[in-house]
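Below: the structure, in structure tokens.
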Amino acid sequence: MRTVGVFLATCLVTIFVLPTWGNWAYPCCHVTQLRAQHLLALENISDIYLVSNQTCDGFSLASLNSPKNGSNQLVISRCANGLNVVSFFISILKRSSSALTGHLRELLTTLETLYGSFSVEDLFGANLNRYAWHRGG
């Protein structure tokens, strides 16, 4: 039964994560600590692409994108700690779990699976300087 659960979880993660690779030529990015004026407002974020920690040397990353006002053209993209982004959405979805639609319950399960796939062991072989936190403008 556990094998079937792992298989289904892998399929769901594949459905949600793999399509982002076609939209993102290089999924591994540097997480940068930004000044307040450069942060994306939550209501302006149009897309969030999660990257599996297996893709970027043990690092779980996310791309937060925002279009130009009144346009479909992507103009702002920020790299974030994917584990923090996943944790944030898990927390939000769990707070209203009794009112979730089927799609949101499926998303919650997928996010929990993605979160559960992260382990400290992944970092043992990682090049910790490659995607290090940088102070940005």
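From the backbone N, Cα and C atoms, a Cβ is placed for every residue, glycine too.
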| note | Going by Swiss-Prot, the cysteine from CYS29, CYS56 that pairs with CYS79 in a disulfide is CYS29
| request: Could you round the CA separation between CYS28 (disulfide bond) and CYS79 (disulfide bond) to a whole angstrom and send it over? | output: 9
| Distance, CYS29 (disulfide bond) to CYS56 (disulfide bond) (CA atoms, angstrom) | 9
